[in-house]
Amino acid sequence: MESRVLFSSQFNFPVNSPFKTRETSIAPLTPSRNVLSFSFRSPAERCAMRIVPLVKAASSTPQIVAEVDGSSHEPRRKKLAVFVSGGGSNFRKIHEGCSDGSVNGDVVLLVTNKKDCGGAEYARSNGIPVLVFPKAKREPSDGLSPSELVDVLRKYGVDFVLLAGYLKLIPVELVQAFPKRILNIHPALLPAFGGKGLYGIKVHKAVLESGARYSGPTIHFVNEEYDTGRILAQSAVRVIANDTPEELAKRVLHEEHKLYVEVVGAICEERIKWREDGVPLIQNKQNPDEYY
């Protein structure tokens, strides 16, 4: 049985209740009153509880900082650029979310290092322009340089860059041009099982070899290194005793598809808030005073 959970900040053991905070207050985060006792929950249920990081005293409680213009109008539709290296199943789900209203945005560009990959073919069949990055060593005329890539993204008015199975390191020029606007999805619970060389089935093999009881996707902001940016959301998937890497990968991918669409939906609705200590939180759509 699988368990779903959204985490902000690092993956921690569950606590006995979810917490919430107000954007305009620096009072301590207070627990919800209507929460069942943690001790009566199964391990899967405990892991599925939504939590935010614990904060100690009021004097040291970080404030929530909104990075929006403060206006009350509905957010405009955002323009998204998606980066892929393979079949692009997460890209397809995001594109479907844009079409069915789950995401208040549109995919305006597909960037890939493999011009004939499945994700690129899907983009072309749906009228989405495809760019090649980085330049191929054998065919340098086909690709873009880092500065050219930044220029094209700006020309298209891209608001957010979404990495969806893109296996190349993002250049510093792009990170600096789009601060806090580049997301990546990784098929394990970071900070464990991440870094250069850990991708695809290799990640799931490493999880099983470690004896970890839970795995699952992580969505994080991108910096200049592999898999080290601020964690925005995670979803826990229980590891079964006789799992194979392929079976675990299938269940984690199922969670990836749901989680990425949810998070992209939140970021397009301007529901990502930043604590003063640099931790990103997701604002609850139904209850704006609650953060995940």
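Count begins at 1; order follows the chain as displayed.
Placed from the backbone N, Cα and C atoms, the Cβ positions cover glycine too.
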**Message:** Of the candidates ASP142, ASP151, ASP159, ASP227, which one does Swiss-Prot list alongside LEU167, LYS168, LEU169, ILE170, ASN184 as binding (6R)-10-formyltetrahydrofolate?
**Reply:** ASP227
**Residue in GLU256, GLU262, GLU269 which Swiss-Prot records at the N(1)-(5-phospho-beta-D-ribosyl)glycinamide site where GLY88, SER89, ASN90 also bind** = GLU256
**Complete:** ASP227 ((6R)-10-formyltetrahydrofolate binding site) sits from HIS186 (active site, proton donor) (Cα to Cα, rounded, in Å) at a distance of 8
**Asked** Considering only the binding-site residues LEU167, LYS168, LEU169, ILE170, ASN184, ASP227, which fall within 10 Å of GLU256 (N(1)-(5-phospho-beta-D-ribosyl)glycinamide binding site) when distances are taken between Cα atoms?
**Response** none
**Request:** Can you see whether DSSP assigns GLY88 (N(1)-(5-phospho-beta-D-ribosyl)glycinamide binding site) to helix, strand or coil?
**Result:** coil
**Message:** Other residues near the N(1)-(5-phospho-beta-D-ribosyl)glycinamide site, CB within 8 A of the CB centroid of GLY88, SER89, ASN90, GLU256?
**Reply:** VAL84, GLY87, PHE91, ARG92, LYS93, ILE94, ALA164, GLY165, ILE185, LEU253, HIS257, TYR260
**Request:** Check each residue in the chain of ASN184 ((6R)-10-formyltetrahydrofolate binding site) that is at least six apart in sequence and keep those whose C-beta is under 8 Å from its C-beta; list them in sequence order.
**Result:** LEU163, TYR166, ILE219, HIS220, PHE221, VAL222, ASP227, GLY229
**Prompt:** In whole Å, how far is GLY88 (N(1)-(5-phospho-beta-D-ribosyl)glycinamide binding site) from LEU167 ((6R)-10-formyltetrahydrofolate binding site) when you measure between their Cα atoms?
**Reply:** 12
